[in-house]
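**Q** Pasting the relevant annotations from TrEMBL:
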type     : residues : note
ACT_SITE : H142     : active site, proton acceptor
BINDING  : G75      : substrate binding site
BINDING  : H151     : acetyl-CoA binding site
DOMAIN   : 5-84     : domain 'PglD N-terminal'
SITE     : D143     : site 'Increases basicity of active site His'
Amino acid sequence: MASNKILLIGGGGHCKSVLDSLIGLNLYSDIAIIDKRENVGKNILDVPIIGTDEELEEFINKGFHSAFITVGSVGNPEPRIKLHQLITAFGFHIPVIVDKSAVIGSDTKFGEGVFVGKRAIVNAGSVINSCAILNSGAIIEHDCNVGEYAHVASGVVLAGGVKIGNNAHIGAQTVIRQNLSIGEGTIIGIGSVVVKSIGNNAVAYGNPCEIVK
Ligand SMILES: CC(=O)SCCNC(=O)CCNC(=O)[C@H](O)C(C)(C)COP(=O)(O)OP(=O)(O)OC[C@H]1O[C@@H](n2cnc3c(N)ncnc32)[C@H](O)[C@@H]1OP(=O)(O)O
């Protein structure tokens with residue numbers, strides 16, 4: 001019989017968001033969390049932290065065949081990338097988790113490990129690549145492309161056809177004009193208004209958004 005137990009990897013604030021969505025979806029018979037050794041035995045939203053990532057094989061043997069990365073990222077996706085490699089190597093199924101209040105348009109595509117938070121909108125024709133985070137209330141308009149491990153934070157608005165590079169962070173409440181692109185690894189500060197494309201590995205913020213690093 002197929003198991004529908006899932007391990008969440010990382011027990012911080014982002015875990016709480018994903019967990020709350022997951023509980024609301026009621027898709028799994030058993031949810032458990034993996035975190036640092038010192039947190040084992042604690043609970044998040046009444047869900048137990050049962051071990052560390054050193055014991056992943058043991059949890060597979062206990063029927064946890066799905067895993068999801070719940071370590072967050074604000075500008076440093078490296079831990080999420082490493083965890084993705086780790087759980088892939090162990091052969092876990094990595095689902096897409098879409099909060100039940102999110103609105104998803106037609107002909108959208110999602111890579112594994114994507115999280116779509118509360119009241120986020122992904123409009124028709126958009127592609128969201130593996131392990132990207134679309135946080136609460138983000139609006140991804142039609143025909144956007146969000147790169148792997150990118151984090152589109154709470155309340156961001158991507159107008160139509162915007163491209164976000166892999167590993168980028170788009171700060172909360174930022175607005176990006178249609179058809180622009182944000183480069184790989186670039187951080188856009190909170191509350192920015194982006195009116196021209198920004199290249200790779202920059203830090204940029206403000207209205208109008210300008211590169212500062
Ligand atoms: C559910 C969630 O919580 S999702 C997470 C949501 N959070 C985010 O998206 C945060 C994104 N991060 C930011 O916006 C950060 O401010 C960054 C990355 C742009 C800059 O961070 P740091 O390099 O630490 O800069 P720091 O805070 O030291 O500020 C440096 C200067 O830039 C200014 N500044 C920083 N961010 C911004 C911004 N978004 N807009 C305008 N000015 C800014 C500061 O006022 C400061 O100015 P000063 O030197 O005149 O005092």
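The backbone N, Cα and C atoms fix where each Cβ goes, and this holds for glycine too.
Just so you know, TrEMBL annotations are computer predictions that nobody has curated.
A quick note: this is a predicted structure, and the numbers were derived from the prediction, not measured.
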**Q** Which of these recorded positions is closest to G75 (substrate binding site) if you go by CA atoms: H142, D143, H151?
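**A** Comparing Cα positions, the closest of these recorded positions turns out to be H151.
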**Q** Between D143 (site 'Increases basicity of active site His') and H151 (acetyl-CoA binding site), how far is it from one CA atom to the other, in Å?
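**A** Spelling it out, the Cα of D143 (site 'Increases basicity of active site His') and the Cα of H151 (acetyl-CoA binding site) are 17 Å apart.
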**Q** Do you know which of the recorded positions H142, H151 has the most other C-beta atoms within 10 angstroms of its C-beta?
**A** H151
**Q** Could you please provide the mean pLDDT value for the domain 'PglD N-terminal' (5-84)?
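**A** Across the domain 'PglD N-terminal' (5-84), the average pLDDT comes out at 97.
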**Q** Distance check, please: Cα of H151 (acetyl-CoA binding site) against Cα of H142 (active site, proton acceptor), rounded to an integer number of angstrom.
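**A** With the alpha carbons as reference points, the distance is 18 Å.
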**Q** Taking every protein chain shown into account, which of the recorded positions G75, D143 has the largest tally of Cβ atoms within 10 Å of its Cβ?
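**A** The largest 10 Å Cβ neighbour count belongs to D143.
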